[in-house]
């Protein structure tokens, strides 16, 4: 340049992104869930994560720094967390600042741009590391404070200029947190050839000391809190960017050094699968998730480029966030990323995702340069920027002059000081009022935003609500113009709701005037939470931090009767609740306020919907009776059309993002009407799962018919309907088996053909149909290894619909696995609700394997291995193949028959040879037969005719024994049903209903005991009769008393075995 000294451009320095990981302590929610720690750090650079489902599987990551802040700490007298002892590896806020904050300051003093990014899931501790909480200051305030401390100690022939700006990016819109004026649509990002991307119109405030920056941060946080409340937008879903412009002016050398410090607290990084639009017909509702996805794409592309891969494009322009972070990622900046992680097993997937994200980021290479310039060049650049902003305003160009002159900078600094002095007076006044008057403190989901807003209750009566004329001007979802009145009189404060406005005190909704006590919890509207601080005489040295957002929601849930016990958490026998159920409870509590907000938005937008939380599989079990994994879902009902939808947690959260977007347009006075297919409050009608019924198949294993009425239990464990079902063993032609076909031992069916029919006769008392006569139902089930579910035909507009559908199943070669399945498993029949216009469930059987008679085939595992891999099942199986398979079964049956006949022949031959023998004590050979097997010794063996009677008589006894077993199994099925109903019933919440409930349960237990006792008594009597008949038959034949005694003992042993519930076969 001709106007000043030429400064040699410095060479860029290639630096990798510095990556640090920090693990926090368990949150209260994680403690309540019984969480276990899955993170370990064995050095200052390594982080190991353990898979809670597979503890042997561990993955270790290596970063520049690893901070263990999980345990080993205590509070000092000032409330600062410090190590418990010198051997503790606890990393405090001071330790983190020493490594990361001082590195940022060193870069700034040298003239480098510096960026610090905080990444992690919501609640992982990002904001705590960046901003801090209470006495535990984070990196941002420490950087600012030490910067000004260092400036104070520098030489006086240098000038230091510091400006501060603070912005928030939410849903791809930029809000200036230092300006009280909201720009419609947010501030715009512009691009300049020299400046790169910048935010047009962003307020940048000169600062002369740390106190001014502290005041600006408080102001920005207050505006952020107000915006979060007004727009019903959680701060965890927004990015906060603080920018400090630091300029060093060297007057004696005509030189400046310029550094831009960006401190970025990114939004919660929840994976799209768990918090986004998985399975939703509508787009991803949160632009926050999209901006983080784009940030991930940029990082991945830069990481690939750093490892030598060919990258054609870096997608900086795909979001507002990545445009502003372009210098920090692969550009002119020294960049540090701190990844905040949870130690809890319930956050394993999120934590692993964060660690992988950080691992990619550390591969990025930046090219930072020292930003220096001459004063004349700096002045010309300032004028160019001013012209860029003014445009063609006709103003004459001002002569360039050094920035250090007593001009614009000095005036801006003095103006900022004046604003700070005014703010200081206002803060002092507010603190004095807080000490004298009762007031409300806001409580936010983000701890950083809690206690920022204060509403004072003056003497007399004051209204609270949306209207600007109210003494307490409140904003928030569900807040009316005149919402409630607070009265401060005679040393007490009361609150009175207006009309039907929602006011909750300590978790309980109120409708009349209510006196407030110090530290009462108040919720106004849908979810605006406040802590009441009473008169000075009521106050003590309470720890207000325990009344956090979670405390409010847990209290509200408890008042509404929602608890771990209410949701049905099972104990492991050690007194501790099931961790899985605890996690579901935490999800339930977390979604409660979100559902309340969604209902309020729907009400104001006149959508006519009602949303309510349900727990999927709350009272459901699998075919073996084991509990199914539970999860929270949302039931949505259109109150006008009675249409019902069931949304998963992920789908609901995505829809709520879209609802908020629509609601913001409504509040801003914009057009909020959308086409039906784009409406987040609407979905096409769908089939709804109503409940499940368990039909235990044990009787089939003994070739016995089962006919009973079984309850369909819904997700809450309540009876939804009753189904009349018949499970009948039959012949291939469909003839029902009789008592003579009953087997004592299921193994007798091994390898044989089994045919049985499942008939759904009728469905009784369907609540779904009672609620709306225009609805319909279908039922579906899948038995053993069927590839698809069988559905009944739809039945509409009948409260007690007649089904009358029977399907015959065939196992051509019953395997041991199939027989085991019948003895231990239930057939689960699902009841589905149909709505007008919904797609019905396919009731065709086109993809099933069938026999030549048209029966559905089960237990086809062996057959599948014989089939060619290219073959497809169902009707495409050739008739020839089916005939060959049938022929193979019949051949095997003939072989078995032939083998049995040979054994009988040998036995009879040996018996006849020994009939005439008179040797004492000679033992008759054992008869290998499927009938009663008896080894005995006789003084005088019976004649051939008597032997023939001996082997024909037990067959009749076996039939009698089978009949007794059949009656016993029917009784046991009754008892099982009673036991299931007893287990599913929950005690009432009201104390006055508890005594009748206990009496009712006692009577049911007595009935259950009577059924069990009578069943066992009947079986015992039947077996005794059979034994008596056998004795009467055996004694005249000259059997010795010892043999008879042995036989009686065997029968008695069998009876005892059955009484104890033995499941295996008994061979006598």
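All residue numbers here begin at 1 and follow the chain in the order shown.
Glycine residues also receive a Cβ, built from the backbone N, Cα and C atoms like all the rest.
A quick note: this is a predicted structure, and the numbers were derived from the prediction, not measured.
These features come from TrEMBL:
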type	residues	note
BINDING	120, 121, 122, 123, 124, 125, 126, 127	ATP binding site
DOMAIN	16-364	domain 'Kinesin motor'
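Candidate binding-site residues: 121, 122, 127. Fewest other C-beta atoms within 10 angstroms, 122. Compute the center of the Cβ atoms of 120, 121, 122, 123, 124, 125, 126, 127, which mark the site for ATP; besides them, the chain residues with Cβ within 8 Å of that center are 236, 268, 340, 342.
Its Cβ taken as reference, residue 120 (ATP binding site) is surrounded by 27 other Cβ atoms within 10 Å in the chains shown. Within its own chain, residue 125 (ATP binding site) has 22, 24, 69, 340, 341, 342 as residues 6 or more apart in sequence whose C-beta sits under 8 angstroms from its own. Its own atom aside, the Cβ of residue 124 (ATP binding site) has 26 Cβ atoms within 10 angstroms in the protein chains shown. Its Cβ placed at the centre, residue 126 (ATP binding site) has 29 other Cβ atoms within 10 Å. This prediction places the mean pLDDT of the domain 'Kinesin motor' (16-364) at 88. Sequence-distant neighbours of residue 123 (ATP binding site) (same chain, six or more apart, CB under 8 Å from its CB) are 27, 236, 268, 342, listed in sequence order.
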